[in-house]
Amino acid sequence: VLSAADKNNVKGAWEKVGTHAGEYGAEALERMFLSFPTTKTYFPHFDLTHGSAQVKAHGQKVGAALTKAVGHLDDLPNALSDLSDLHAHKLRVDPVNFKLLSHCLLVTLSRHLPEQEFTPAVHASLDKFFSNVSTVLTSKYR
């Protein structure tokens, strides 16, 4: 559960992400594909080379979903219900992959947000947020 301080930290960090959400989403995906090559199996039809249009487009989707989630911190299950259905029933993504992407998102944000703004407290709040999003996205697997 996100505390009031966590919610403020997440919203504050995401304000700084702003229009870069899709770009950072794509960078995190590339990082995930390089660091955890088994994740590529869910994208057999994608060109996974650096800067590919398909990875950029999917990064935009990731960024948009996270932006939506930030706007609905008190109701993530309803806000992400459609994505939960998609990933559980149609795409059948192994739940561990959400943890891998979450890690790559944290690394990406740590690279782009200024050090004085990506504090340990903000890092912890974003980690909790990504964990909550992952939990919601895997909730319909059960």
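Using the three backbone atoms N, Cα and C, a Cβ is placed for every residue, glycine included.
Annotation source Swiss-Prot lists O2 binding site at His58. If you look up Swiss-Prot, you'll see His87 marked as heme b binding site, on the strength of sequence analysis. According to Swiss-Prot, the domain 'Globin' annotation covers 1-142, on the basis of sequence analysis. Per Swiss-Prot, N6-succinyllysine is recorded for Lys7, Lys11, Lys16, Lys40, and the stated evidence type is similarity to another entry. As annotated by Swiss-Prot, N6-acetyllysine applies to Lys16. Residues or ranges marked as phosphotyrosine by Swiss-Prot: Tyr24. As annotated by Swiss-Prot, phosphoserine applies to Ser35, Ser102, Ser139 (among others). Look at Swiss-Prot and you will find Thr108, Thr135, Thr138 tagged as phosphothreonine.
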Fill in: Within the domain 'Globin' (1-142), residues counted as helix, strand or coil by DSSP
109 helix, 0 strand, 33 coil
Item to complete: Sort the modified residues Lys11, Lys40, Thr108, Thr138 by C-alpha distance from His87 (heme b binding site) and give me just the closest.
Response: Thr138
Worksheet item: If one measures from the C-alpha of Lys7 (N6-succinyllysine) to the C-alpha of Tyr24 (phosphotyrosine), what distance in angstrom results, rounded to a whole number?
Response: 20
Discussion item. Which one is it, among the recorded positions Ser35, His58, Thr108, that lies nearest to Thr138 (phosphothreonine) by Cα separation?
Written reply: His58
Worksheet entry | Same-chain residues at least 6 apart in sequence whose Cβ lies under 8 Å from Lys40 (N6-succinyllysine) | Phe33, Leu48
Response to the item:
Within the same chain, the residues at least 6 apart in sequence whose Cβ is under 8 angstroms from that of Tyr24 (phosphotyrosine) are Val17, Gly59, Gly63, Leu105, Thr108, Leu109, His112
Practice prompt. Sort the recorded positions Lys11, Lys16, Ser35, His58, Ser102 by C-alpha distance from Ser139 (phosphoserine) and give me just the closest.
Written response: Ser102
Worksheet, complete the sentence: modified residues Lys11, Lys16, Ser102, Thr135 vs Ser35 (phosphoserine), shortest C-alpha separation belongs to Ser102
Worksheet item: Over all shown protein chains, what is the count of other CB atoms within 10 A of the CB belonging to Lys16 (N6-succinyllysine)?
Response: 14
Item to complete: Determine the Cβ neighbour count for Thr138 (phosphothreonine): the number of other Cβ atoms within 10 Å of its Cβ.
Response: 19
Discussion item. If you compare CA-to-CA distances from Lys11 (N6-succinyllysine) to each of the recorded positions His58, Ser102, Thr135, which comes out shortest?
Written reply: Ser102
Item to complete: Please name the residue among the modified residues Ser35, Ser139 whose C-beta has the most neighbouring C-beta atoms within 10 angstroms.
Response: Ser139
Worksheet item: What Cα-Cα separation, expressed in whole Å, is found between Thr135 (phosphothreonine) and the residue listed as 'O2 binding site'?
Response: 20
